[in-house]
Amino acid sequence: MTLRSATREAVTSARLIVVKVGSSSLTTAEGGLDPARLDALVDAVAARRAAGSQVVLVSSGAIAAGLAPMGIPRRPRDLATQQAAASVGQLVLGHAYVASFARYSLTVGQVLLTADDVVRRSHYRNAQRTLSRLLALGIVPVVNENDTVATEEIRFGDNDRLAALVAHLIGADALVLLSDVDALYDGDPRRGAARRIDEVADASDVDGVVAGATGASGLGTGGMASKLAAARLASAAGIPVLLASSAHAPEALTSAGVGTAFASAGRRLSARRFWLAYAAESAGRLVLDDGAVAAVVVRRRSLLAAGITSTSGDFGLGDVVELADSTGKVVARGVVNFDSTELPALIGHSTHHLPNDQRREVVHADDLVPLRHH
Ligand SMILES: Nc1ncnc2c1ncn2[C@@H]1O[C@H](COP(=O)(O)OP(=O)(O)O)[C@@H](O)[C@H]1O
Ligand SMILES: N[C@@H](CCC(=O)OP(=O)(O)O)C(=O)O
């Protein structure tokens, strides 16, 4: 049966598409990279390219690919060994992609990102520029998290989320998540009978879905829960998502007639505002008085020190913080222009009473996104 819907049409006709593949789809049961599966994925990506679309590949598998050369039987639990395995495995993975895409005379470019690269404005623009230049040059970007330097605190967490963030960053028209399961089910299909879900039109369609947090292979990280969260993120950013089995990559990338399709919801926020609202981790919180809440949320003004009643958290200049009202409800998020050691002495004071070098907005209006509450 071939499934059809407006969302699937959108995936089929996308000019710029992000394809994410999980570790379990690139490795053998014994561990180590599976060249046949990697080639099959590349065949499907190359076919989509030949049909006129630009493709960004977000590929997991560095840690998994590093295990066999290091003689480690299982995915390590400790961060340092994971980082070492990723360091070995990313080269193995990159090499395999270079060789496989070369069969189609396609050049690949490796892009390793840390969470900071998509949160801090200067880094974010940098990542955006690099990816668009690679695409303009006809190169297939292969993206992964920069695992060797990612610590628990700064990790994206999983590549499903990274793929959704990259899709928004580059203004992709669709996101395809390829895994070892053929669709979203209302419960983990490995644990008994579960109902397949073909279309997710809005959030209520996934009410009651039990999404397991660990995959079958023990090689991936997020399981279905992270795919669902990534699909929500992309859909909120205006990007349709298709979740399908990597074994069905050719169908997923041509007719989109397989897997689960998630409709996009809402209009696109600008890339920068999307990051602020959904992507950035917040490092602290500023509590605002009622006048300041009205100024930043309703009148879209910058936040000045005078309207802040308290601060919490350990943040630095340039970090993202939450802005809360006096009841504790978060009303906005934004980039703070002071660090948490300097700001407490300034709050409650009018700007013109502050020393010259501290006379600036605490959060500039351009770096501030009010949050909608439903
Ligand atoms: N509700 C669900 N629907 C589909 N699969 C689920 C669900 N809950 C848990 N799973 C499991 O999630 C696994 C996919 O996650 P994972 O192995 O982390 O993928 P990947 O390595 O591709 O990122 C599937 O093998 C499936 O058994
Ligand atoms: N960055 C890690 C993968 C992390 C990850 O999300 O894995 P997966 O759940 O298989 O997509 C790696 O390359 O091993």
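Each Cβ is built from the backbone N, Cα and C atoms, and glycine gets one as well.
Predicted automatically and left uncurated, TrEMBL annotations should be read as such.
As given in TrEMBL:
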type	residues	note
BINDING	Lys20, Ser179, Asp180, Thr221, Gly222, Gly223, Met224, Ala225, Ser226, Lys227	ATP binding site
BINDING	Ser60, Asp147, Asn159	substrate binding site
DOMAIN	284-363	domain 'PUA'
Just checking: which of the binding-site residues Asp147, Asn159, Asp180, Met224, Ser226 have a C-beta under 6 Å from ligand 1? Asp180, Met224
From Lys20, Asn159, Asp180, Met224, which binding-site residues have a C-beta atom under 6 Å away from some atom of ligand 2? Asn159
Of Ser60, Asn159, Ser226, the binding-site residues given in the record, which has the fewest other CB atoms within 10 A of its CB? Ser226
If you measure every Cα to Cα distance among Ser60, Asp147, Asn159, the residues said to bind substrate, what is the biggest one in Å? 11
Across the domain 'PUA' (284-363), what is the average pLDDT of the model, as a whole number? 94
Residues in the domain 'PUA' (284-363) grouped by DSSP into helix, strand and remaining coil: 21 helix, 24 strand, 35 coil
Just going by other Cβ atoms within 10 Å, which of the binding-site residues Asp180, Met224 has the emptiest spot? Asp180
